[in-house]
Amino acid sequence: MPAKKTRFTTLDLKACIAAVRKRFAGVRVVNIYDVDNKTYLIKFSKPDDKGVLLIESGIRIHTTEFDWPKGLIPSGFAMKLRKHLKSRRLESIEQLGMDRIIDIQFGSGEAAYHLIVELYDKGNIILTDFNYVILSLIRKRTDATTDEKFAVNEKYPIEGVKQPEDLLSLEKFIEILKNAQPNESIKKILNPLLPFGSAVLDECLLKAGLNNENSTLGKTFNIEQDAPKLHEQLIQAMDYLKQADTGECKGYVTYRQEGSASLLSYEEFHPFLFKQLESKPYIELPTFDRAVDEFFSKLEAQRVDGQIVQKERDALKKLENVKKDHQKRLDELKSTQNEDVRKAYLIEINADLVTRAMAAINTAVANQMSWPEIEELVDDAKQSGDPTARAIHSIKFDINHLTLLLRDPFGDGSDIEKNAGAPAKIDVDLSLTAFANAKRYFDHKKQSSQKQMRTLEAGEKAIKSASKKTNELLKEVERVATVTKARKVFWFEKFYWFISSDNYIVLGGRDQQQNDLLVKRHLRAGDLYVHADLHGATSVIIKNPTGNEVPPRTLQEAGLLACCHSAAWEAKVPAPAYWVKHDQVSKTAPTGEYITTGAFMIRGLYSVVFLLLRILLFGFLGKRNYLPSAPLNFGFALLFKFDESDQAAIDRHGDERKPKTTLDEQDLKQASNIETQESIAETALELSDEEDDENEPDEQEKEQEQEGEQTVEDNQESASNAPAASSSDDNENEDDTSAYPDTQLTYAEEKPVKVDNNQKKAPKNQQKPPVVKPTSANQPLKRGQRTRLKKIKEKYKDQDEEDRLVRMQLLGSAGNEAKKKQQQLLQQQQQQKLQNKENRKKKEPAQSRPQSSTTASAFIDDDEGEQQEDEEEKAKRLSEDARLLSTLTGQPVADDPLTNVIGVCAPWVTLNNYKYKVKVLPGGLGKKGKNVQAALKFFAMDRTATQLEKDLIKIVKDQEVSRNLPSGKVKFVLPSYVKLK
C-alpha cells in the first residue's frame, strides 16, 4: 500500500522554506548535481557548516543528510545552473503568493538569478535572470487557461500568482455551504478555499465535534449549528501558518507496521502533531525539514524493496517452473514405461488372437487386394460376428501396422492393468510375430527406463544449476538494492577522522575554522585534545564519552594524525605530539593578549611558588603529555557497514577493536625475545669497563672515575630539564594531570639518564657508578656481543625509565616486571597528586591562583553552558555512537549483511587488521585521485573478495578519500602498482 501523502501542502511548503532560509541564507553555492531529470542537488558551504538542498520538480524541496547518487556526466540543465549559480550566495527564498511556487534568488542587483520551483501538477524548475526572463527550464509548456508560454526568452509571470487572502468571514462561509450541492463532503467543499491542507481541516472538524472522515452536507453536518463552531476552529488554525514561517516546527512522520515489528511503512509527514495523528504511531524529529528528508528517503528505500520482492518472486517462480518441468518429464517417462509393459502383457496373453488377425491381413495383402477392399473385408467380417475381425480397430497400411483392441481375459485387476475390463488400443507390426511385437514393447520400456535415469541425473544438475543461478540472482538483487539506497553521511565525516585500534572516534580539523568548530562543538568532558608543535598541525580530539582511561595505543595513533597533517609530512621528519585534557584548553587570553582564529590557551593550575620553582628547575613544561615520535606512515583502507538489525554480525565483529589498556599473556609471549634483549642491554649499561677487559686494569679504573663524574654532571643537568615523572623529588611538583602516567613523556635537548634517588644529592667526588657482578643470568659477553651492546647503549642513551616503559607497552613488550614498575609509578604519582592538592589549598586562596598558559593551534569555547550536557543527552549520544561503531568493520566476511563501504585514511598502525588496506608515505609524483583509483582496483582484484564486496568497492569515490589524505605529495605502496597504473 503506497504512502497516503507524497506532495507538499501550503503549510508544509512554508515550514520547509523557513528551515532552508534559516540554514542557507547568505551561504554560497559550491556545486550543483542532478540525480535524475527531475531531481537536483544544490550544495552549500560555509566555514562551520556544509549542506545540500534537494529539489524535485512537482514534489518537494528540503535539505538532505543522505548521500544521493549523482550522474557521472551532468545534464545540460545542471551545467546551466552551475554556470550561473555556482559561487553565488543564496540571498532569499520566498513563496510566490499562496501558490506552491518557490522563488530562490542567488546574487543581488542585476547580477541576480532566480530559480523558480513549481510543486504543483507536473512541476517545473525554471532559471531566470534578475528580470525573470527565462534562461533555461526542464519542461516547456503553455498554460491552458491563459495561453502563457513557458520557454526560453519568455518572461515568467510572477504577477499571475494567487495572492494571500484573509480567512472567509462567517457570513461568506455559510453562504458557500448553502450554495453547495446536497450530500457533498465538507472537506471537498472547503479544501480549495483554505490556505492550508486537508490535515488542518481534519483537526478543525474533530475539534468542532464533527467526523473528519464522513462529514456530509445535509446528513452529518448542519449548517446552522455546525458552521459557527467549524469557522471558529479555522480562525485558530491560521496560527499554524504564522508558526510555520518561524522555521521552529518539529517534524512528525506517521507509519504503520507490516509483518515484523521492525518493518515500518511511512504514511504521512506533518510539521505539527494534529489531533487526528495522536492515536496513530508516529516518529518525532527535531525539525520538519529532517522529517521530510527521512520520509522521502524511506519511500525511496521502500520502492527499491518493492523491486527486490518482485525480482525475488520472479526468480523463485523460474526455479519452480524448472522443477515442475523436470518432474513432468519424469512422470511422462514412467507412464510410458507402464504403458509399454501393459501392452506387451496383453499381446502375450492374447497371442492367438493377435496371430490370427495379423495372418488375415497379411493374406489379403498377399492376394494383392487393395487397401479399401481389405477394409471392406474386415467390416463385413465384423458384421458377421467374427471375433478376430472385431478385435481389429484400424489398419495403418502406410507404416504396415495393425491396431488391435485387446483386453485381459482374466480381468483379475492386476497391477499391470488397473482397469482390466477396458480394451486397450495396441499397435502391432505386421512384419513381426505376436511375441516379437511383445518383445518390441519390452525393449522400448527398457530404453525408456534408461532415458528416465539419464533425465533424472540431468534434471538434478539442471535444478542445481537453476538454484545456483536463482541464489546468485537473489544476491544480485539484494546487492543492487543495497547499493542503490542512499547512504547517510555520518556526522564525523566532515572532519579528518578514523576509529582507533581501541574503538575510539578520533577527529581532526581540516583548517583553522574547522579546528574552532571541532573543539567548540565536539570536545566534551572526558575527551582528550592532541596536538603537535608544528606548522599547520591539525587539532585532534579523542572522543571519550565514558571518561575511562584512554589506552596509549589510541593516544599514539591520534598523535600520528596530528603530525601527518602538518609540515612534518612534506619534510618527511617524524616529530612528537602531545595531549592534554579537555578542561586545559581555553579561548580566554591573558590580559593584553589576543587569540586569533584557531588558537587557544592551555591552562595550568599551579600556585606562584610551584610555578616559579618549576620554571627555575625544569623549564616551563606546562601540562603537556608528550608522546613518542614515530615514522609518518599513513594508510588508506575500507571500512564496511552492515545492517544494525543483524545481531549475529555485531557479535561476530565485537572484539575487532577491543580496548587494550593492559598486556595479555599472548603479548608477553610474543615479546619475550625483545624483553630478554632489553634486560641484557640494561645490565650492560651498568657494567664497568673494568669487567669488559681484564687485561687493562689501570685504564679501566681511570675510565670509571671519568664515568662517575659524567654521571653526576648528567644527573644535575637532566634534573633541570627532565619531566616531572623522572624522579621522586620531581613528583612533588606533579599536578593533577597524571591520569595517564604511561604517557607522561617529553623530549628535550638534554640527555636524561637513570638516576638513583639515594645518590642524587651526594657530593660529586662520592658519586660512583654501581658495579654489577656476573651471575648465572649475566654471563660474560661473547665475541661480538660487546659491540652490539655499545650500539644499543648509544641508541637508547636519551631514554629514561618511564620513556622505556611507555615505549615497550606501545610495542607490546613491557613484560610483568615492567607492569609492576608502572603500577608502582602510578601509585606514587597518585599520592603526589593528593599531596599537591592539599599543599595548594593550604598555601593559596582559591581566588588568587593564577593560570599559566601556552599557545597552540586549536580552540575551545570557555562557555560552561555550552560545554556541559545533561545526563540524558550524554547517554543518548553515547548509545548512538556505540551502536554505530558496532556496525562498522574492517574485516568483512561472507555472512555479513553489508550495506555500505566508507574509505578511511588513518595512521598505518591503526589499519593493521583491515582486510583492504594500502600504505601511504610522504613523497611521490602521482596525483592523489589516480593513486586512490589504483588502490581501489587493487582491492577489487582480491581473490577472497565476495561479489558484494567488489560491488561496494566500485561505489567508493576517490574524491572523498583524497580529501582525507595529508596535504602534499603522497606515495601509495601497492603490489604491482606499475602494472595497475
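The backbone N, Cα and C atoms fix where each Cβ goes, and this holds for glycine too.
Taken verbatim from TrEMBL:
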type	residues	note
COILED	309-339	coiled coil
COMPBIAS	651-668	compositional bias 'Basic and acidic residues'
COMPBIAS	669-680	compositional bias 'Polar residues'
COMPBIAS	687-716	compositional bias 'Acidic residues'
COMPBIAS	718-728	compositional bias 'Low complexity'
COMPBIAS	748-759	compositional bias 'Basic and acidic residues'
COMPBIAS	764-774	compositional bias 'Low complexity'
COMPBIAS	783-794	compositional bias 'Basic residues'
COMPBIAS	823-834	compositional bias 'Low complexity'
COMPBIAS	848-857	compositional bias 'Polar residues'
COMPBIAS	860-872	compositional bias 'Acidic residues'
DOMAIN	494-604	domain 'NFACT RNA-binding'
DOMAIN	880-972	domain 'NFACT protein C-terminal'
REGION	651-880	region 'Disordered'
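Across the coiled coil (309-339), the prediction's mean pLDDT works out to 82. Remote same-chain partners of the coiled coil (309-339), defined as residues 6 or more beyond its termini with a Cβ less than 8 Å from a stretch Cβ, comprise 445, 448-449, 451-452, 455-456, 459, 462-463, 466-467, 470, 473-474, 477.
Mapped onto DSSP classes, the domain 'NFACT RNA-binding' (494-604) shows 33 helix, 26 strand, 52 coil. Helix first, then strand, then coil: DSSP counts for the compositional bias 'Basic residues' (783-794) stand at 10 helix, 0 strand, 2 coil.
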